[in-house]
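Participant: One structure is given below, represented as structure tokens, and several questions about it will come after.
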Amino acid sequence: MKTKPSIGLMVVMLMFPQIVETIYSPVLGDIAQSFSVTYSQAAQTLSIYFTAFAIGVVVWGLLADKWGRRPTMLVGLLVYGFSALVAMQTDRFDVVMLARALSAFGIAVGSVVTQTMLRDSFSGEELGKVFGVMGIGISVSPVIGMLLGGQLTALGGYQTVFFTLFVMALGLFVYNVFKLPETQIQKQPLNMGSLLGRMLRDAQIWQSTLLVALYNIALFSYYQLGAFTFEALGFSSSEFGYSGVVLGLGTFVGSLLNKFLLGKRRTQTSLLWIASILLLAGGFGVFWAQTSIWFLVPMLLVVMAFGIAIPNVLSAALVDYKQQAGSAGAVFGLMYYLLIGSGLGLAGIIQNLGVVQISCAVTVSLVTMSRMKK
């Protein structure tokens, strides 16, 4: 019989990929200095991370349908822990890049398998509320990551950061061995050709893909470019880490607002419209204020928009694909993570946070309007 997983454990597993990514942001400057590379080269590791993450989403999603959810999650955590050890011990930047790619591949299991387990166990309005709780957890993960990253960088540089990531992965692996249930009722035969064709013809899937990608690019471009923006303004990596508290508060408020409005029976379409307006206002605000520390104020609107939009998009995206939840989640994740990786690669080239925010906001508004016409 199918067993529902602990909501608390699911929150932690969905938070972990975001924590381990944002914990890395404050150490970018130390990596650039330690390996004698430019800030732009160091920042490109974020683009590589998301591209490898996209591949991991596909592999783990397919294996979740073939092996089951529980064994897939455990193997992914082992891969991540191994990659953190490699990154900690190397003295070559190219090996760091490869280890980052492998770590992204491994930790993708926390995203796709967790979402698959939730879709196994909940449906309809209940699933929307569960994803709302997940959104609150996700909102505090950048705070944890940024604070830890800033303090660990000040304590011992990039090696201390990677060692901490290894310890965290090991701890989660041991806990999951004893506490993670299997939620798959029966293993489904894989028919990827038919599924892929169906999803690529689905306009709602494409709209959801664009929205997830654009909101993530808007958020993670801050973690990609913010460290260098702070340095240009005369602030340290530790102080950049503290900025995560401010932005985490914005995402938390957005997630609470989303939960409150869902309780008031507001439609997901209306919530996406509210999020797009917040993102548009925040994007233009960041562009105008990015030469001073006050750019953090409009960034609050950006992260609030993220906190409202993402739970609603994710909970509704695959309602028609429950019979192949793992494989459908893999295809969906591949689509939006490839876009995130490409978008962050472009952001690393542009090196202008305000331009990136405006570009994301305008495109989100167009996609949201298109979605509302249906």
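All positions are counted from 1 along the displayed chain.
Glycine residues also receive a Cβ, built from the backbone N, Cα and C atoms like all the rest.
From TrEMBL, for reference:
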DOMAIN    1-374  domain 'Major facilitator superfamily (MFS) profile'
TRANSMEM  46-64  transmembrane segment
TRANSMEM  71-89  transmembrane segment
TRANSMEM  95-118  transmembrane segment
TRANSMEM  130-152  transmembrane segment
TRANSMEM  158-178  transmembrane segment
TRANSMEM  205-225  transmembrane segment
TRANSMEM  240-258  transmembrane segment
TRANSMEM  270-289  transmembrane segment
TRANSMEM  295-319  transmembrane segment
TRANSMEM  331-350  transmembrane segment
Participant: Determine which residues of the chain contact the transmembrane segment (130-152) at the Cβ level, with the cut-off under 8 Å and only residues 6 or more beyond its ends counted.
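Facilitator: Apart from its flanks, the transmembrane segment (130-152) reaches 7, 10-12, 14-16, 18-27, 118, 122, 160-161, 164, 219, 223, 237-245, 247-249, 251-252, 254-256, 258-259, 262, 303, 307, 310-312, 314-315.
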Participant: How about the transmembrane segment (46-64) and the transmembrane segment (95-118): at least 3 CB pairs under 8 Å, pairs 6 or more apart in sequence, or not?
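Facilitator: Judged by the Cβ rule, the two regions touch, with the required three close pairs present.
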Participant: Contact between the transmembrane segment (331-350) and the transmembrane segment (71-89) is defined here as three or more C-beta pairs under 8 Å separated by at least 6 residues; is that satisfied?
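Facilitator: They do not touch: fewer than three Cβ pairs between the two stretches lie under 8 Å.
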